[in-house]
Amino acid sequence: MKKKWLIGNWKMHGNLASNKALIESLRAELPQPDERATMVVCPAFPYLFQLAELTKDYGVGIGVQNVSDHLQGAYTGETSPLMVKELGGSYAIIGHSERRQYQGENDGLMGRKALAAIDAGLIPVICVGETAEERDSGRTHEVLGRQLDAAFGYIRTAHDKIILAYEPRWAIGTGIAATPEIVQTEHEFLRQRIAIRDKEFAAKLPIIYGGSVKVSNANAIFSMPDVDGGLIGSAALNAREFVTIYRAMLATMPAAVA
Ligand code: 13P
(Lines of atoms letter the chains of each structure in order from A and count residues from 1; the text may use other names and numbers.)
(Lines give C-alpha, C1' and ligand atoms only; values in the text may rest on other atoms or scores of the structure.)
Protein backbone atom coordinates (compact mmCIF):
# COMPACT_ATOMS: atom_id res chain seq x y z
CA MET A 1 0.00 0.00 0.00
CA LYS A 2 1.04 3.59 -0.68
CA LYS A 3 1.90 6.25 1.83
CA LYS A 4 -0.87 8.73 2.69
CA TRP A 5 -1.09 12.48 3.28
CA LEU A 6 -3.00 14.73 5.60
CA ILE A 7 -2.70 18.40 4.72
CA GLY A 8 -4.22 21.16 6.83
CA ASN A 9 -5.19 24.32 4.97
CA TRP A 10 -5.45 27.00 7.64
CA LYS A 11 -6.81 29.54 5.10
CA MET A 12 -6.82 33.15 6.39
CA HIS A 13 -6.91 32.19 10.05
CA GLY A 14 -4.44 32.42 12.89
CA ASN A 15 -2.05 34.81 14.59
CA LEU A 16 1.28 34.41 16.36
CA ALA A 17 -0.30 33.30 19.63
CA SER A 18 -2.97 30.97 18.22
CA ASN A 19 -0.51 29.34 15.77
CA LYS A 20 1.86 28.56 18.64
CA ALA A 21 -0.98 27.17 20.74
CA LEU A 22 -2.21 25.02 17.84
CA ILE A 23 1.21 23.48 17.23
CA GLU A 24 1.68 22.89 20.98
CA SER A 25 -1.68 21.11 21.11
CA LEU A 26 -0.79 19.08 18.01
CA ARG A 27 2.43 17.94 19.66
CA ALA A 28 0.58 17.06 22.85
CA GLU A 29 -1.97 15.00 20.90
CA LEU A 30 0.60 13.42 18.58
CA PRO A 31 4.24 13.48 19.74
CA GLN A 32 5.44 12.51 16.24
CA PRO A 33 3.51 11.69 13.04
CA ASP A 34 3.60 8.11 11.79
CA GLU A 35 6.01 7.30 8.96
CA ARG A 36 3.13 5.82 6.91
CA ALA A 37 1.38 9.17 6.57
CA THR A 38 2.87 12.63 6.06
CA MET A 39 1.23 15.47 7.95
CA VAL A 40 1.48 19.00 6.54
CA VAL A 41 0.12 22.35 7.74
CA CYS A 42 -0.33 25.39 5.48
CA PRO A 43 -0.48 28.68 7.39
CA ALA A 44 -1.03 32.12 5.87
CA PHE A 45 2.17 33.54 4.29
CA PRO A 46 3.27 35.88 7.10
CA TYR A 47 3.49 32.95 9.52
CA LEU A 48 5.55 30.65 7.35
CA PHE A 49 8.80 31.39 9.19
CA GLN A 50 7.11 31.10 12.57
CA LEU A 51 5.71 27.69 11.64
CA ALA A 52 9.05 26.49 10.29
CA GLU A 53 10.64 27.43 13.64
CA LEU A 54 7.84 25.89 15.70
CA THR A 55 8.07 22.57 13.85
CA LYS A 56 11.87 22.31 13.56
CA ASP A 57 12.11 19.11 15.60
CA TYR A 58 8.60 17.94 14.76
CA GLY A 59 8.03 15.76 11.70
CA VAL A 60 5.31 17.92 10.17
CA GLY A 61 5.75 19.50 6.74
CA ILE A 62 4.98 23.17 6.07
CA GLY A 63 3.25 24.56 3.02
CA VAL A 64 1.62 27.71 1.68
CA GLN A 65 -1.80 28.30 0.15
CA ASN A 66 -0.66 29.99 -3.06
CA VAL A 67 2.54 31.03 -4.89
CA SER A 68 3.47 33.23 -7.81
CA ASP A 69 3.92 31.68 -11.22
CA HIS A 70 7.26 33.54 -11.41
CA LEU A 71 10.45 32.87 -9.50
CA GLN A 72 11.56 36.51 -9.30
CA GLY A 73 10.83 39.92 -10.77
CA ALA A 74 8.63 42.99 -10.80
CA TYR A 75 5.45 41.31 -9.55
CA THR A 76 4.17 43.54 -6.76
CA GLY A 77 2.52 41.72 -3.93
CA GLU A 78 3.43 38.24 -5.16
CA THR A 79 5.42 35.59 -3.30
CA SER A 80 8.00 33.51 -5.14
CA PRO A 81 8.10 29.77 -4.54
CA LEU A 82 11.84 30.24 -4.00
CA MET A 83 11.05 32.49 -1.01
CA VAL A 84 8.71 29.86 0.35
CA LYS A 85 11.43 27.26 0.01
CA GLU A 86 14.02 29.47 1.73
CA LEU A 87 11.70 30.09 4.69
CA GLY A 88 11.12 26.39 5.28
CA GLY A 89 8.11 25.58 3.13
CA SER A 90 7.98 22.34 1.15
CA TYR A 91 4.45 22.38 -0.28
CA ALA A 92 2.24 24.86 -2.13
CA ILE A 93 -1.51 24.53 -2.62
CA ILE A 94 -2.26 25.57 -6.21
CA GLY A 95 -5.58 26.50 -7.80
CA HIS A 96 -7.72 26.24 -4.67
CA SER A 97 -11.34 26.94 -5.56
CA GLU A 98 -11.40 29.96 -3.24
CA ARG A 99 -8.67 31.50 -5.39
CA ARG A 100 -10.57 30.63 -8.54
CA GLN A 101 -13.73 32.10 -7.04
CA TYR A 102 -12.43 35.26 -5.35
CA GLN A 103 -9.17 35.98 -7.19
CA GLY A 104 -10.24 34.96 -10.66
CA GLU A 105 -7.51 32.35 -11.10
CA ASN A 106 -7.90 30.16 -14.16
CA ASP A 107 -6.68 26.80 -15.39
CA GLY A 108 -3.70 28.18 -17.32
CA LEU A 109 -2.42 30.16 -14.35
CA MET A 110 -2.76 27.07 -12.18
CA GLY A 111 -0.52 25.13 -14.55
CA ARG A 112 2.13 27.86 -14.59
CA LYS A 113 2.07 28.13 -10.79
CA ALA A 114 2.50 24.39 -10.43
CA LEU A 115 5.47 24.51 -12.76
CA ALA A 116 7.10 27.40 -10.87
CA ALA A 117 6.57 25.54 -7.58
CA ILE A 118 8.25 22.43 -8.99
CA ASP A 119 11.13 24.54 -10.37
CA ALA A 120 11.68 25.95 -6.88
CA GLY A 121 11.71 22.48 -5.33
CA LEU A 122 8.26 22.65 -3.75
CA ILE A 123 5.59 19.96 -4.02
CA PRO A 124 2.48 21.51 -5.59
CA VAL A 125 -0.87 20.33 -4.27
CA ILE A 126 -2.97 20.92 -7.37
CA CYS A 127 -6.67 21.38 -6.67
CA VAL A 128 -9.44 20.48 -9.07
CA GLY A 129 -13.17 20.34 -8.47
CA GLU A 130 -16.58 21.14 -9.90
CA THR A 131 -19.27 23.51 -8.64
CA ALA A 132 -22.73 22.30 -7.60
CA GLU A 133 -24.18 23.68 -10.80
CA GLU A 134 -21.60 21.85 -12.92
CA ARG A 135 -22.34 18.60 -11.11
CA ASP A 136 -26.10 19.05 -11.37
CA SER A 137 -25.86 19.66 -15.10
CA GLY A 138 -23.80 16.49 -15.61
CA ARG A 139 -20.58 18.31 -16.47
CA THR A 140 -18.36 17.08 -13.62
CA HIS A 141 -16.02 15.03 -15.79
CA GLU A 142 -15.80 17.66 -18.47
CA VAL A 143 -14.73 20.23 -15.84
CA LEU A 144 -12.33 17.93 -13.99
CA GLY A 145 -10.81 16.80 -17.27
CA ARG A 146 -10.29 20.38 -18.43
CA GLN A 147 -8.69 21.46 -15.14
CA LEU A 148 -6.49 18.39 -15.05
CA ASP A 149 -5.30 18.71 -18.63
CA ALA A 150 -4.49 22.39 -18.08
CA ALA A 151 -2.31 21.62 -15.08
CA PHE A 152 -0.70 18.41 -16.23
CA GLY A 153 -0.23 19.58 -19.79
CA TYR A 154 2.68 21.71 -18.53
CA ILE A 155 4.17 19.29 -16.09
CA ARG A 156 6.73 16.57 -16.51
CA THR A 157 7.80 15.40 -13.10
CA ALA A 158 8.03 12.37 -10.86
CA HIS A 159 4.98 11.05 -9.01
CA ASP A 160 6.56 11.90 -5.64
CA LYS A 161 7.01 15.57 -6.56
CA ILE A 162 3.35 16.39 -6.98
CA ILE A 163 -0.01 15.82 -5.26
CA LEU A 164 -3.46 16.09 -6.83
CA ALA A 165 -6.41 17.17 -4.67
CA TYR A 166 -10.05 16.62 -5.59
CA GLU A 167 -12.04 19.36 -3.88
CA PRO A 168 -15.61 19.71 -5.13
CA ARG A 169 -16.54 23.33 -4.52
CA TRP A 170 -19.96 22.41 -3.15
CA ALA A 171 -18.35 20.40 -0.36
CA ILE A 172 -15.88 23.06 0.81
CA GLY A 173 -16.84 24.73 4.06
CA THR A 174 -20.45 23.57 3.73
CA GLY A 175 -20.37 20.70 6.21
CA ILE A 176 -21.62 18.44 3.40
CA ALA A 177 -18.78 16.20 2.27
CA ALA A 178 -18.96 14.19 -0.92
CA THR A 179 -20.03 10.62 -0.15
CA PRO A 180 -17.20 8.06 -0.12
CA GLU A 181 -18.67 6.64 -3.35
CA ILE A 182 -18.56 10.00 -5.14
CA VAL A 183 -15.01 10.58 -3.91
CA GLN A 184 -13.95 7.16 -5.19
CA THR A 185 -15.68 7.67 -8.56
CA GLU A 186 -13.99 11.02 -9.17
CA HIS A 187 -10.56 9.91 -7.94
CA GLU A 188 -10.77 6.92 -10.23
CA PHE A 189 -11.77 9.17 -13.12
CA LEU A 190 -8.81 11.48 -12.45
CA ARG A 191 -6.36 8.58 -12.16
CA GLN A 192 -7.60 7.01 -15.39
CA ARG A 193 -7.34 10.33 -17.21
CA ILE A 194 -3.71 10.70 -16.10
CA ALA A 195 -3.01 7.07 -17.00
CA ILE A 196 -3.71 7.93 -20.63
CA ARG A 197 -0.42 9.87 -20.53
CA ASP A 198 1.55 7.67 -18.12
CA LYS A 199 0.21 4.54 -16.42
CA GLU A 200 2.90 4.11 -13.80
CA PHE A 201 2.87 7.78 -12.83
CA ALA A 202 -0.92 7.67 -12.48
CA ALA A 203 -0.84 4.58 -10.28
CA LYS A 204 1.69 6.15 -7.90
CA LEU A 205 0.38 9.73 -7.88
CA PRO A 206 -1.18 10.71 -4.53
CA ILE A 207 -4.78 11.87 -5.03
CA ILE A 208 -6.25 13.39 -1.87
CA TYR A 209 -9.77 14.58 -1.07
CA GLY A 210 -10.88 17.88 0.46
CA GLY A 211 -14.29 19.26 1.41
CA SER A 212 -15.89 18.99 4.87
CA VAL A 213 -13.74 16.09 6.05
CA LYS A 214 -14.55 15.56 9.72
CA VAL A 215 -13.93 13.01 12.42
CA SER A 216 -17.28 11.38 11.58
CA ASN A 217 -16.63 10.77 7.86
CA ALA A 218 -12.83 10.44 7.72
CA ASN A 219 -12.57 6.69 8.06
CA ALA A 220 -15.16 5.95 5.36
CA ILE A 221 -13.59 8.38 2.87
CA PHE A 222 -10.01 7.27 3.52
CA SER A 223 -11.01 3.62 3.14
CA MET A 224 -11.71 4.15 -0.57
CA PRO A 225 -9.05 2.53 -2.76
CA ASP A 226 -8.16 5.63 -4.80
CA VAL A 227 -8.02 8.02 -1.85
CA ASP A 228 -4.47 8.73 -0.72
CA GLY A 229 -5.25 11.28 1.96
CA GLY A 230 -7.07 14.48 2.77
CA LEU A 231 -6.90 18.25 2.45
CA ILE A 232 -8.57 19.58 5.57
CA GLY A 233 -9.93 23.09 6.17
CA SER A 234 -11.83 23.94 9.33
CA ALA A 235 -11.10 20.68 11.16
CA ALA A 236 -7.36 21.40 10.78
CA LEU A 237 -7.74 24.39 13.11
CA ASN A 238 -8.53 22.10 16.01
CA ALA A 239 -5.57 19.92 17.04
CA ARG A 240 -7.67 17.16 18.54
CA GLU A 241 -9.93 16.91 15.48
CA PHE A 242 -7.00 17.03 13.08
CA VAL A 243 -5.15 14.28 14.95
CA THR A 244 -8.31 12.17 15.24
CA ILE A 245 -8.76 12.44 11.46
CA TYR A 246 -5.10 11.52 11.03
CA ARG A 247 -5.58 8.44 13.22
CA ALA A 248 -8.74 7.51 11.30
CA MET A 249 -6.63 7.57 8.15
CA LEU A 250 -3.90 5.41 9.71
CA ALA A 251 -6.58 2.93 10.74
CA THR A 252 -7.31 2.29 7.05
CA MET A 253 -3.68 1.34 6.37
CA PRO A 254 -1.65 -1.81 6.91
CA ALA A 255 1.07 -1.78 9.58
CA ALA A 256 3.78 -0.94 7.04
CA VAL A 257 3.81 0.78 3.65
CA ALA A 258 5.75 -0.07 0.52
P1 13P B 1 -13.29 22.45 4.76
O2 13P B 1 -12.61 21.22 5.32
O3 13P B 1 -13.43 23.54 5.78
O4 13P B 1 -14.53 22.13 4.02
O5 13P B 1 -12.27 23.07 3.67
C6 13P B 1 -11.72 22.23 2.74
C7 13P B 1 -10.68 22.98 1.98
O8 13P B 1 -10.97 23.94 1.30
C9 13P B 1 -9.28 22.53 2.11
O10 13P B 1 -8.46 23.14 1.17
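Including glycine, each Cβ sits where the backbone N, Cα and C put it.
A quick note: this is a predicted structure, and the numbers were derived from the prediction, not measured.
Taken from TrEMBL, the feature active site, electrophile covers HIS96. Taking the Cβ of HIS96 (active site, electrophile) as centre and 10 Å as the limit, one finds 28 other Cβ atoms among all the protein chains shown.
The Cβ neighbour count for GLU167 (active site, proton acceptor), using a 10 Å radius and every protein chain shown, is 25. Here TrEMBL flags GLU167 as active site, proton acceptor.
Sequence-distant neighbours of SER212 (substrate binding site) (same chain, six or more apart, CB under 8 Å from its CB) are ALA171, ILE172, GLY173, THR174, GLY175, ILE176, ALA177, GLY233, listed in sequence order. According to DSSP, SER212 (substrate binding site) is assigned to coil rather than to any helix or strand. If you look up TrEMBL, you'll see ASN9, TRP10, LYS11, GLY173, SER212 marked as substrate binding site.
Counting only same-chain residues at least 6 apart in sequence, those with a Cβ under 8 Å from the Cβ of LYS11 (substrate binding site) are ALA44, GLN65, GLU98, GLY233. Residue density at ASN9 (substrate binding site): 27 other Cβ atoms are found within 10 A of its Cβ, drawing on all protein chains shown. Between the candidate binding-site residues, TRP10, GLY173, the densest Cβ environment within 10 Å is the one around TRP10.
A distance of 15 Å separates the Cα atom of TRP10 (substrate binding site) from that of GLU167 (active site, proton acceptor).
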